[in-house]
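Listed in TrEMBL:
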- ASP93: active site, for OMPdecase activity (ACT_SITE)
- LYS95: active site, for OMPdecase activity (ACT_SITE)
- ASP98: active site, for OMPdecase activity (ACT_SITE)
- ASP40, LYS62, THR158, GLN227, GLY246, ARG247: substrate binding site (BINDING)
- 34-262: domain 'Orotidine 5'-phosphate decarboxylase' (DOMAIN)
Amino acid sequence: MTSKNTLSFGQRASNHPNALVKRLFQIAEQKKTNIVLSADLTTTKDLLEIADSLGPYIAVLKTHIDILSDFDTSTIQGLTALSQKHDFLIFEDRKFIDIGNTVQKQYKGGVLRIHDWAHIVNASVLAGEGIIQALDQTIHDHAGVSEDRAILILAEMTSKGSLAIGDYTRASVEIARKYPQTVMGFVSTKELSSYSSDQSTVTADNEDFVVFTTGVNISSKGDALGQQYQTPTSAMAGGSDFLIAGRGIYAAADPVAAVKEYQAAGWEAYEQRCSRATSSA
Ligand code: 5BU
């Protein structure tokens with residue numbers, strides 16, 4: 001199987017079976033951005049302010065909704081309104097990691113009601129396939145919004161000493177292949193379509209997983225707690241599609257200037273990849 005990621009987002013949108021992925025590719029093409037802002041702010045006011053000022057330059061806003069000190073319904077109303085105003089998707093970086101039955105309750109219910117508002121969520125397959133089955137079932141149970149919801153499997157992590165490697169990463173790919181309607185791709189440091197230990201699970205011709213790469217920073221190599229960064233250019237060279245950046249953007253002296261710099265770097269690398277593929281075809 002060859003990766004589809006040398007095609008343009010527009011081409012991938014027209015062939016893609018998943019409605020939310022089509023929409024994501026269309027947003028990226030229209031706004032000329034493959035930036036996912038990791039908006040790790042801890043009050044609703046700060047979160048909504050940064051989402052409003054940087055919204056025009058991003059394709060997706062990634063949240064950690066449980067780090068807010070004042071979460072309430074106005075948080076979600078505000079985020080949803082800004083997602084419509086600026087045309088970005090919302091990705092709750094919840095990293096579900098429990099038995100399926102518990103995860104369904106965490107996804108649908110509780111105070112956070114994540115399924116109501118997050119277009120994208122992510123999950124680890126450490127506990128096995130049941131977790132993806134559970135999320136997939138919840139999405140399918142909600143006809144009407146189901147075409148607006150998708151899952152990323154957390155196939156690798158950026159932190160030093162991460163154990164999300166090797167067999168774990170291969171299992172992530174194999175499980176993803178079984179849920180093409182709801183698993184849109186991976187959070188990983190690179191493109192993973194060649195990862196598989198089991199040839200029987202391979203490989204529909206139209207398979208086109210979307211790769212979200214976190215740990216992206218233009219000016220830092222890491223932090224004091226094990227985070228490891230790569231640049232937008234190196235992430236794109238590894239086959240990433242969407243670049244997740246947090247402190248490199250929102251903690252910059254001028255976040256609007258910073259997001260524009262990340263947007264330009266990510267988009268230039270994307271266009272170069274497409275044009276290299278065209279000229280070698
Ligand atoms: P930063 O400020 O760009 O370092 O923030 C990175 C964000 O991405 C932060 O919200 C993390 O929780 C998230 N993250 C990560 O850093 N590494 C990973 O492997 C995964 C998520 Br999965």
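Every residue number used here counts from 1 along the chain in the order it is shown.
Cβ atoms here come from the backbone N, Cα and C positions, even for glycine.
Features per TrEMBL, on structure.
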| residue | record | Cβ contacts under 8 Å, 6 or more apart |
| --- | --- | --- |
| ASP40 | substrate binding site | HIS64, ILE67, GLY246, ARG247, TYR250 |
| LYS62 | substrate binding site | VAL36, LEU37, SER38, ALA39, PHE91, GLU92, ASP93, ILE244, GLY246 |
| LYS95 | active site, for OMPdecase activity | ASN122, ALA123, SER124, LEU154 |
| ASP98 | active site, for OMPdecase activity | GLN106, ALA127, ILE131 |
| THR158 | substrate binding site | THR189, THR214, GLY215, GLN227, GLN228, TYR229 |
Remaining residues near the recorded substrate site, that is with C-beta within 8 Å of the centroid of the site residues ASP40, LYS62, THR158, GLN227, GLY246, ARG247: SER38, THR214, GLY215, ILE244, ALA245
Per-region confidence, the domain 'Orotidine 5'-phosphate decarboxylase' (34-262) (mean pLDDT, whole number): 94
Maximal Cα-Cα distance (Å) across residues annotated as binding substrate, namely ASP40, LYS62, THR158, GLN227, GLY246, ARG247: 17
Count of other CB atoms lying within 10 Å of the CB belonging to ARG247 (substrate binding site): 15
DSSP three-state assignment (helix, strand or coil) for ARG247 (substrate binding site): helix
Local Cβ density at ASP93 (active site, for OMPdecase activity) - other Cβ atoms counted within 10 Å: 24
Secondary structure of LYS62 (substrate binding site) (DSSP, helix/strand/coil): strand
